[in-house]
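A quick write-up on the structure given underneath.
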Amino acid sequence: MAASFPPTLGLSSAPDEIQHPHIKFSEWKFKLFRVRSFEKTPEEAQKEKKDSFEGKPSLEQSPAVLDKADGQKPVPTQPLLKAHPKFSKKFHDNEKARGKAIHQANLRHLCRICGNSFRADEHNRRYPVHGPVDGKTLGLLRKKEKRATSWPDLIAKVFRIDVKADVDSIHPTEFCHNCWSIMHRKFSSAPCEVYFPRNVTMEWHPHTPSCDICNTARRGLKRKSLQPNLQLSKKLKTVLDQARQARQHKRRAQARISSKDVMKKIANCSKIHLSTKLLAVDFPEHFVKSISCQICEHILADPVETNCKHVFCRVCILRCLKVMGSYCPSCRYPCFPTDLESPVKSFLSVLNSLMVKCPAKECNEEVSLEKYNHHISSHKESKEIFVHINKGGRPRQHLLSLTRRAQKHRLRELKLQVKAFADKEEGGDVKSVCMTLFLLALRARNEHRQADELEAIMQGKGSGLQPAVCLAIRVNTFLSCSQYHKMYRTVKAITGRQIFQPLHALRNAEKVLLPGYHHFEWQPPLKNVSSSTDVGIIDGLSGLSSSVDDYPVDTIAKRFRYDSALVSALMDMEEDILEGMRSQDLDDYLNGPFTVVVKESCDGMGDVSEKHGSGPVVPEKAVRFSFTIMKITIAHSSQNVKVFEEAKPNSELCCKPLCLMLADESDHETLTAILSPLIAEREAMKSSELMLELGGILRTFKFIFRGTGYDEKLVREVEGLEASGSVYICTLCDATRLEASQNLVFHSITRSHAENLERYEVWRSNPYHESVEELRDRVKGVSAKPFIETVPSIDALHCDIGNAAEFYKIFQLEIGEVYKNPNASKEERKRWQATLDKHLRKKMNLKPIMRMNGNFARKLMTKETVDAVCELIPSEERHEALRELMDLYLKMKPVWRSSCPAKECPESLCQYSFNSQRFAELLSTKFKYRYEGKITNYFHKTLAHVPEIIERDGSIGAWASEGNESGNKLFRRFRKMNARQSKCYEMEDVLKHHWLYTSKYLQKFMNAHNALKTSGFTMNPQASLGDPLGIEDSLESQDSMEF
């Protein structure tokens, strides 16, 4: 039955036989759903038009029209179509905005990195893409010494995704916990593996009508499923579930097998790698799996390890990463070619020791995997060997004797093969392939020196030395700039290579090691000290005029600012501090507070020959102020943990110069003018904390200053005491010389810097209006204002020197038998001294000296010297007394000389009180002729104060001024070698050069050089095959740099 349509639909009035079948379907559809007709009769159309002018909605008032009731079926009719509000421009814009809003709302539920929905995580954990990292991640980054502190930097580093240019309407603003775990796994050594669901980077696009994100969200609303048939038996359910699970397992296994097949095809290494079937021993399956590649399932060849601890052949993993993306083929964890590392040596040794069967015909040998290549090369047939066929003509010349054009012609085939290989395997890097071939050829011929040079060039280092090494050589060998430059040019001209670095490279290396390079901060800021940190060498007068209180200051002084010098010293010790923290099982990220104990030393030098040149006339004497970092501790778990302690506190290598001046130490005004600013900086640092970035982490440091490296003359100068010949014999107690001689042993330390300041005020103001003698007795010898705080102690070096000078005098008096004849003339006394000098030179090889020094004192104070002197003394009784006196002294000496007497000489420490009392008894009986009513300053300190100082400080020898005295010799050496004529510049160069000489960073280079030189690369007969030279056993650390 045909339906008649009005002509408005555009359908032709064709016969029923040829009408398209969809017409009948349309008729049936309108009946079934009672859809209102979209067509109307002409009369209704006119009415619709009229109503539209009145503003009434037309579609609401046009009901479906039925045909006449003549038995025919109703015919759908439709009025003339009118534009719906849906098709207006305004509605279209609203729909577009609404679509974008829905799109952006959908983005909020997706991860920016992997694209997964947050609904998959039952805890709904999410993290902002932009902003700082969370606390847990920040702690991990600090522990691993990473500088990144924001999510965009971490995401770019781990996933190679730049999120800084993200737009909120296109990209999600958060990422999921799974991606957060991947980033944690990247920077931690946790054994867990994290699954990354995508093989490629997720791409995000602006919203479109066919947007995948919005369509996926719509499709998520499913129709309600039908209620399950409750009459279905449990048995049938179980069977269906088992069948479904079996199908899933089968699909997964097939997918796994297919992915393995794909990776094997990608690797395509069956011709170059060995099958596990060639193993000579039938190993367990799990062991075979552990030594085989997880891609090609062959025995590992050139194995590499990923971050997730999976092992592959290098060729296989690189090919898979190139084709399948930067993910581990085993666990899908992110992995990049730069992350690949060689496995541990123990694994490689096991792998190389595996025995494999030779696959060649008629060869039944079993060889280790390490020697397999060498063995298989012997089986090459003669047809595979390139043999030149002499076709006559001119004799064939060697390759190196040909012209460049001829060389190209002869090597053309090889060049094409190498190029093809490089294009296929190495990304077209022909240079690297050729250099590697050359390197392997050199190694095969045992030409390792050339191979090392070539390898250095390939790594971009070149065959030359680093600037820091050249600087260490220059400083250690005392070369001036001009001398080093001559050596640099000579070596470069002779060898044709730049082994040493030019001077400008050394100056750049110097800047890092000198004070004024590193940034730091004080909390609270230092009083009366500039907050700028880029302060290098400054004038010693610190901007004062050329005269102080109308006193002319004829001096040249150069110094570092104290705080800047301490910062540079700490940064120079950075590796030692961090290593000390690791050795104490402390975390690297601990920020303190660290407590730094500093030993201060100051000493005057006489007879410093003046250089000719411009500048003021200055005295031929010098004063040096220096410091040594003795110990660094950190407060941890309610106790102080020692992270650094100076092993050789009296070495010149750790005594850092702070101030140099050409002045007389007895010149009180000049000394105070130059040292007062330095002392003001020191006092300010006592009440502040240093904030310094060490090892990438901001750490806090506190300082304790101990002025112990002063001789007695300088202590009396800076503490305002009378000179050494004063009645008040001691700088530690108030005893007079008479009191000390009557009571040799029992005294205690009473003096202090604060007490000396109070006594100076009493001396200055005389509040009790006393006479000079009474006032002097009240203040116990304080006659000037103290300006440097020193620790009441004994300087071990000067104690040795003072006591040796006294024994030298006793030897002379014993030769002259003064105990019998106390009234000898001056000529006789000179004759005794000449006799002693001549005998010591003959027996002990001790040359006479004008003034006692440390070396002479050490040689003089021995039992052999006493035996030699006894040859000149006739009385046996005096022999015994003299030998006993020396024996007691040698038993006491280690207590004040050793750095830690409780460990090094505990017996001598325990017996010290007894020995000192016996020593005092001998002085007051056998040697009464000299010590009746008087005693020397250092004998008094040795007998009375040593045990108390040891109990307080733990050591006397460690706090001695010996390092500063050794530094005085270096000062003379540096001053001689310097080439600049101006005195001011000369002092700057000496200070800079001396500071670099004490750098621990530079000392490590020279210690390595000295250790190798000492070992001499000698063959150790006891060395194992793995270490034929035995270098590890023969390396020794040197005490100091060689001159």
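A Cβ is built for glycine as well, from the same backbone N, Cα and C atoms used for every other residue.
Residues 354-383 are the range that Swiss-Prot records as zinc finger, among 84-113, 234-263, 354-383.
Among the candidates Asp711, Asp867, Asp887, the residue that Swiss-Prot names alongside Asp603, Glu965 for the divalent metal cation site is Asp711. Taken residue by residue with DSSP, Cys316 (Zn(2+) 2 binding site) is part of a helix.
In the predicted model, residues of the region 'Interaction with importin alpha-1' (1-288) average a pLDDT of 67. Residues near Cys316 (Zn(2+) 2 binding site) in space but far in sequence (CB under 8 A, at least 6 apart, same chain), listed by position: Met263, Ala267, Cys269, Cys293, Ile295, Cys296. Note on proximity: of the binding-site residues His298, His375, His379, Asp603, Asp711, the one nearest Cys331 (Zn(2+) 3 binding site) is His298, by Cα distance. Mapped onto DSSP classes, the zinc finger (354-383) shows 11 helix, 6 strand, 13 coil.
With Cys363 (Zn(2+) 4 binding site) as the anchor, the candidate binding-site residues are His298, Cys308, His310, Cys328, and the one with the nearest CA is His298. Cβ environment of Cys358 (Zn(2+) 4 binding site): Asn364, Glu365, Glu366, Val367, Tyr372, His375, Ile376, His379 lie under 8 Å away, each six or more residues apart in the same chain. Of the recorded residues, Asp603 (divalent metal cation binding site) and Cys313 (Zn(2+) 2 binding site) place their C-alpha atoms 66 Å from one another.
Cα of Cys328 (Zn(2+) 3 binding site) to Cα of Cys313 (Zn(2+) 2 binding site): a span of 13 Å. Listed binding-site residues: His273, His298, His310, His375, His379. The one with the lowest count of other Cβ atoms within 10 Å of its Cβ is His379. Taking only the Cα positions, the spacing between His310 (Zn(2+) 3 binding site) and His298 (Zn(2+) 1 binding site) is 15 angstrom.
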